[in-house]
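Participant: TrEMBL feature annotations, pasted as is:
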- 248-282: repeat 'PPR' (REPEAT)
- 283-317: repeat 'PPR' (REPEAT)
- 318-352: repeat 'PPR' (REPEAT)
- 389-423: repeat 'PPR' (REPEAT)
Amino acid sequence: MGGDPTADPSSAYFIDADHPYAAAAASALTSHRSRSKWSHLSSLAVPDPLPASAVAAVPLLLRRRPHVALSFHLFATRRLLPSGSPPPLLLSVSAAHVAAASRLRRAAISLLSSAARHYPHSQIFAALAATYRRFASAPFVFDLLLLAYLRSRRDALAAASVARRILAAGARPLPSTSAALLRSLPSAAAALDMYREIYTRPSSRINSQLLPTVHTFNSLLLAFYREGKCDVFKVVLQEMDRYSCVHNVCTYNIRMAAYCDSKEVEKARGLWDEMVEGGIQPDVPAYNTMISGYCGVGEVGMAEEMFKDMEMGGIDPSVTTFEWLVRGHCRVGDIDAAMLVRADMSRRGFQMAAEVVEEVVNVLCQKKRVKEALGVLKEEMRKEEFVPSRECYEVLIRELCEQGEVEVAMRLQAEMAGMGFKVGSEVYCAFVCAYEKAEDYEMAEKLRKELSRRKRMKVWAGRRRQAWAGPTPIPRGAASRRKERTILRRQCHFLEHKAACRRLVHRVAHRKENVQVDQSALKSDAISMSKEELSKT
């Protein structure tokens, strides 16, 4: 066992398989029946203190029975350790090795996630590497540590550090783990750098199963698409050609979405035809991408054709499909077609988002169909998950006021306030115009005064926040002289304001002192006068 840190008593990773408690615990868990072994284990004498090397040796002795070893880990954390203390790192690593060797991925990730909450990733990686050979563990145990950070803590920097340690050891993460790591990084540039670190590092132990797959490149394409850097797609596509990776439906979806966002629907249609000719079956996101592209440029007829092809192909549309069709009809002003799509959507059990309802209500109000718009809003509000937006209320209130339905608008405004939305100046102006049309000038004047008062309060609150925030710092670098003079002027005003505040506080304090002095003098005069009157009597 030369060179093995788990056999060195002076090492931090020493595992004492010959400890009396470890041998007795393993014997109790293997020789007794399932109902009596845990009670017998609880009756064993526990030395004080119980070394971590002895506790970690029990999973080693039970590695042929992984479920029993994992149950002992739970027993040790609840019965053998002080309450509230984290489990020893050596115990968690031992149980993780046993779970990984038995292909119990979920249990191993759970153990490593628990250890990651108490220990830094460098210590966990070092403990896994030191005890790897003793447990005859699986090579992907380090990938499981990487996944533990990605799934539990969502710490992308720690996961990237673990990946670099794996690369420094001459290994490489699995393609699925690498794809998950690339998706978790904060920027597309960081994802591309990590890809180059993983797949351009020369290594003699890399086999074909560790080469990048189409999911790896899809993660890169998605990262650049989210940042709007679609011109970098060609770099990723060149890497795909270098590894002879065949595009799948997700690859085409990302590329078509990039073209649809830039209003280049014809290029997206070319990719669609290329995908179909290549024998790739389009899925729901692919159809939704093309439908959104056609609706975005106003070609709602082509979007309806895509929807028909979707249903004829046996693919069930999603709520996003119907929402894009409703939006497309609303944007071209065909509100009747939008209402038909909405009825079909409701019949299938789908619910529109608040933004889509707002577009429908807005178009109905433009068509002077405000009662129908109000009915749409009330019908959607009966559903539990729907929350209307402030803009939706404002559009309805303005249109109701224009049509003279002031009482209905007032009830809707009260409902709007009950939902927690503040009334804006547009709503006040709409009510003022409605009352003036109804020749109720007194109510219109009251609302106008209230609106002006709210504006003054808003300006005063803004000035107060600016005064308490302190002077604005002078910008460094290439700042213009005019901007610097403006900032200096604001600083002078702020200092003058502070000095005026100090003078005001001093005056108030001085007045209070004078008032207190006058009151004490009056009290002394009253007492002396009462004494004189008593002496006279």
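Note that Cβ sites are derived from N, Cα and C of the backbone, with glycine treated the same way.
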Participant: Who are the long-range neighbours of the repeat 'PPR' (389-423) in its own chain, taking Cβ under 8 Å and residues 6 or more past its ends?
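Facilitator: Beyond its ends, the repeat 'PPR' (389-423) has Cβ neighbours at 354-355, 357-358, 361-362, 365, 368, 370, 373-374, 377, 430-431, 433-435, 437-438.
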Participant: Can you tell me how the residues of the repeat 'PPR' (389-423) break down into helix, strand and coil by DSSP?
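Facilitator: The breakdown for the repeat 'PPR' (389-423) reads 26 helix, 0 strand, 9 coil.
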Participant: Just to confirm my parser: what is the rounded mean pLDDT across the repeat 'PPR' (248-282)?
Facilitator: 94
